């Protein structure tokens, strides 16, 4: 069985990771500009000031996409490029950049898929509380609707947010991403304000009969209980704790998006641990219920699985620790586990109302080297091949999977890791900005031809 007719083969990037031009043509400062310019936040002090210089090289990059043969390109718009202060004053030059990019894509037969928020909040909004401030819902709405209304005739697929988990928890609990806050309660406020922002925009699109599809992208990680220890019987409490820890990664986001409520068991546990108060939980549930609206599709970013076991001395909010099974790992230290993608897709199909799904990111970082002007990234080719197979198997088993976007089109700024991790199927020499097509580029090009 090959992939269904019209299956959307694509590649993905994000504004801060590739654009550069951080303060050009009227762009405002974003939280990632601020965060990377502060010493000690990013490996080797790297920043995205120039990144892949896509802002000046978009024509070259679109011609590479055309050569690759992708049907769609997923990218994000930089809020601070359009509203330098987060709201109010509109920067026309910022809009003109996206006008050009979208026109180039359409002219080359590539469907633009736009992510409205991929982590680069205007710093001016962070100064008044950012995602933890309930007012953000209105600021985001103003920005999102401006972009949707401007491009609705050319852009038919919209993603409200990329990875709310990372925005909330990496940015506001673990503090390893911008804005670098370390407070679980604040992170939960962020989760909630993102959900309300998502609903408000989806509702406006539907109520105004705007002829587009709109969804959200969640990074989901299937969690497996480590049971392979000899003669070991798993107790009920162990199973429950591993399950609750999984809900913090997955259901905390999936449930409100697809069912209109947060997982109550998880919230009760957090109240019991004094990480939330019960009145707040009631308000959260009530507001999600009142504002809920079902999206047109779900985007899933999948990279690896998580294997966990019970450990009451873990010191984490759950008595759980992570196991690292023997096997193949990428440069990010992530296990290569394509079966996890299949398991995840089947679980969503069986646990949630039916919804079209796109894999909006999947890929791997390896230590790529240029040899004779080529990059022989055989491990990435294998990684992609195995995950395409898992996707195909899921479709065969009734999953309504409509498309797949490789992460990433091009090597780029990998957040806290700076430029040390390469995910692209196109290599970038950051000194010269020269692009080199990796072996995985040619593999993907051929695969698309054979499966379209």
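Cβ atoms here come from the backbone N, Cα and C positions, even for glycine.
As recorded in Swiss-Prot, the features of this protein are as follows:
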ACT_SITE  163  active site, proton donor
ACT_SITE  361  active site, nucleophile
BINDING   17, 118, 162, 303, 407, 414, 415  substrate binding site
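In this structure, of the recorded positions 17, 303, 361, 414, the smallest number of CB atoms within 10 A of the CB marks 414. Residue 415 (substrate binding site) falls within a helix when secondary structure is assigned with DSSP. The residue listed as 'active site, proton donor' is 8 Å away from residue 118 (substrate binding site) when you measure Cα to Cα. Taking the C-alpha positions, the distance from residue 162 (substrate binding site) to the residue listed as 'active site, nucleophile' comes to 10 Å. Residues 17, 118, 162, 303, 407, 414, 415 are listed as the substrate binders, and the farthest two of them sit 18 Å apart at their Cα atoms.
Within 10 Å of the C-beta of residue 407 (substrate binding site) we count 23 further C-beta atoms, all protein chains included. Checking Cα-Cα distances from the residue listed as 'active site, nucleophile' against the binding-site residues (17, 303, 407) with a 10 Å cut-off leaves 303, 407, in sequence order.
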